[in-house]
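Taken verbatim from TrEMBL:
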- A:21-41: transmembrane segment (TRANSMEM)
- A:47-65: transmembrane segment (TRANSMEM)
- A:72-90: transmembrane segment (TRANSMEM)
- A:96-119: transmembrane segment (TRANSMEM)
- A:126-145: transmembrane segment (TRANSMEM)
- A:171-190: transmembrane segment (TRANSMEM)
- A:221-242: transmembrane segment (TRANSMEM)
- A:248-267: transmembrane segment (TRANSMEM)
- A:274-291: transmembrane segment (TRANSMEM)
- A:303-326: transmembrane segment (TRANSMEM)
Amino acid sequence: MTALKDRVTARMVAPASRRRLNPYLVVAVGAALVVALTYTLPPFRTYQLATIGAYLCVTAGLTVLTGLNGQLSLGHGALMATGAYTLALWQNKFNLLAVGIVVAMLVTTAAGLIIGLAAARLRGPYLAGLTLAVAVVVPSITSTFDETFNSDQGLSVVLNPPPESMTVEQWQAWLCWAGALVTVLALALITRGRFGRDMRAVRDDETAAKLAGISIARTQVWTFVISAACAGLGGALFAVLAQSVSPGAFPLTLSLFLLMAIVIGGLGRLSGALIGAFLLVALPALAHEIGEASGSQRLEGNLALTFFGVVLVVVMLAAPGGLASLRVPRSWRPSHTTRKKKH
Amino acid sequence: MDRFLFLTFDGLSRGAVYAAFALALVLIWRATRIVNFAQGAMAVATAYVGYSVADATGSYWLGFAVAVLAGLLLGAGVERVVMRFVDHSSPLNGVVVALGLVLIIQGVLGMIYGNEFRPAEAPFSRDAFNIGGVALLSRYDVFVFAAVGAVVVLLTLLFTRTPTGLRMRAAAFAPDVSRLLGVPVGGMLTLGWALAAAVGSLAGMLVIPTELGLHPTAMDVLFISAFTAAVLGGLDSPIGAVIGGLIVGLVLSYISGYLGATVAPMAVLALLVVVLLGRPDGLFARSKARTA
């Protein structure tokens with residue numbers, strides 16, 4: 001009896017004891033950290049830091065969609081491409097970066113709305129298959145309309161030089177992390193509120209959610225749209241970082257990498273999205289160094305590919321909750337053993 | 001009219017390959033309720049093995065046999081080593097693991113063979129015969145029809161006429177009861193995966209000479225087409241997969257013939273959307289559930 005009481009109280013205490021960080025504080029500390037890093041790191045590392053920021057926009061949005069709402073999207077690479085190409089076309093016409101990023105997000109949001117409307121009617125492997133098709137097909141659109149998108153060569157992105165007091169890399173890092181931190185803050189606030197609860201309810205039990213008065217389809221479509229906006233922002237930032245866009249930069253493997261990134265850090269956790277974004281930059285860099293050391297060009301890109309695949313499989317088999325979920329299982333805790341003694 | 005006839009036969013020939021590949025997807029879906037998203041990558045891997053053997057020995061047919069055999073082994077290996085341990089509490093898990101396999105296979109292939117297209121020779125001429133002044137079929141198309149037809153007939157015989165086929169069906173539809181009756185359910189699953197992967201390898205060997213050649217990602221678009229075919233047929237129905245494959249092949253052939261080849265990938269996507277939103281249960285499936 002006491003054991004049962006222990007367990008019940010443990011359950012009730014657990015959420016409170018898991019300290020909830022104040023998102024504003026986290027973002028402020030993050031911003032300070034990024035600014036400090038941009039003044040201490042060498043230029044190439046600063047560029048990598050900027051890339052982590054751009055990835056974080058996408059992984060944060062994707063982990064909310066997949067982890068909290070249960071919709072698996074393999075199409076986020078294609079949504080990034082949408083954002084990147086929109087920004088490139090805008091910049092080459094008007095050269096107004098701030099507006100361009102917003103326009104890129106809006107266009108990607110519209111694309112996300114279309115996919116999301118279809119996705120809300122689909123489940124499991126059907127949704128995965130549809131989004132996979134989006135990821136495979138969208139890069140080939142650049143060849144279909146080659147006057148606009150210039151086929152495989154892609155487009156270059158016109159950019160104004162950064163303010164004089166900054167290097168290009170510093171400016172890129174600030175821009176990307178501004179985007180990333182705003183994204184994370186917005187997502188943290190959304191997922192903590194009523195809408196976040198709706199998302200989780202729909203993921204866990206659609207029938208129960210419906211009985212509680214939640215519109216399943218609306219929740220799923222909205223989540224997809226939010227996630228698509230994040231992917232559009234990330235894509236636009238990538239276009240700024242690379243100063244060019246081409247279909248080769250957004251292959252199917254990019255979408256799979258994004259999936260790996262959110263799985264390894266723990267689905268549905270924004271901290272996991274950060275770990276994933278870091279690994280997306282760090283592991284290919286590591287593979288690049290190993291490839292250079294061994295003198296084999298074939299090793300370079302493919303080593304990262306293989307490694308990501310192995311990580312994805314191993315994490316899904318050993319710890320489906322991701323690395324962040326690797327805690328002491330309930331059965332090892334004292335309360336359980338006391339119960340066993342009674343029998 | 002001549003062009004229409006040519007495109008029809010071309011579409012049927014493509015469709016036969018999609019049908020075989022969709023059949024492989026359906027075999028695994030029926031047995032395990034997993035859509036094997038790694039099917040395309042597995043088929044490419046065995047095609048690389050097959051063409052390596054063919055290059056080394058100079059015999060296409062030896063390479064072909066080795067590729068199908070490698071498919072059997074790879075399928076069994078994937079089931080035994082990886083898929084058996086997937087936690088089925090969420091349908092996402094099987095999909096994610098299969099996608100992880102895609103990355104592993106593409107990475108390993110890239111490391112061994114490099115990321116450039118390698119030419120793949122067809123065993124027969126791909127020039128179409130002229131029948132009454134109209135170019136209709138090539139020898140290779142005839143070979144494709146014969147190979148896929150043989151696979152369909154053999155699988156039908158296996159599933160309907162042999163005790164093993166009966167055990168496999170039983171293990172898929174009622175695993176617990178089958179186990180009580182002494183059917184080795186685990187073994188049947190392994191056999192199902194092995195067969196499906198072998199059929200996938202065969203489809204891969206058939207399609208690669210007609211495309212750009214061997215490449216780690218060579219089957220990506222084909223996978224989408226075959227998935228569309230399988231969904232059109234209802235994912236649960238082997239006959240549906242074959243008919244779905246032929247329909248998808250015809251549609252794509254007409255579209256790329258009349259509107260240009262670059263439109264074809266978008267046409268696949270559009271077709272998939274139409275099928276998923278219009279007839280998500282497929283043309284032939286009897287079951288109502290599409291949630292699994």
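The backbone N, Cα and C atoms fix where each Cβ goes, and this holds for glycine too.
Keep in mind it's a predicted model, so treat the numbers as computed, not measured.
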Discussion item. If you count every Cβ pair below 8 Å, which range out of A:21-41, A:126-145, A:221-242, A:248-267 shares the most with the transmembrane segment (A:47-65)?
Written reply: A:221-242
Worksheet entry | Paired segments the transmembrane segment (A:221-242) and the transmembrane segment (A:274-291) in contact, 3+ CB pairs under 8 A | no
Worksheet entry | Contact ranking winner - A:21-41, A:72-90, A:171-190 against the transmembrane segment (A:248-267), Cβ under 8 Å | A:72-90
Worksheet entry | Beyond the flanks of the transmembrane segment (A:21-41) by 6 or more, those residues with Cβ under 8 Å of it | 49, 53, 169-170, 173-174, 177-178, 181, 184-185, 188-189, 192
Practice prompt. Residue list, the transmembrane segment (A:126-145) vs rest of chain: Cβ under 8 Å, 6 or more residues beyond ends.
Written response: 71-78, 81-82, 85, 115, 118-119, 151-152, 154, 246-248, 250-252, 254-255
Item to complete: Residue list, the transmembrane segment (A:72-90) vs rest of chain: Cβ under 8 Å, 6 or more residues beyond ends.
Response: 58, 61-62, 65-66, 96, 99-101, 103-105, 107-108, 111-112, 115, 119, 124, 127-128, 130-132, 134-135, 137-139, 142, 148-149, 154-157, 224, 227-228, 231-236, 238-240, 244-245, 247, 249-252, 254-256, 258-259
Practice prompt. For the transmembrane segment (A:96-119), could you work out the same-chain residues 6 or more beyond its ends whose Cβ comes under 8 Å from its Cβ atoms?
Written response: 71, 73, 75, 79, 82-84, 86-87, 90, 127, 130-131, 134, 159-160, 179, 220-225, 227-229, 231-233, 235-237, 239-240
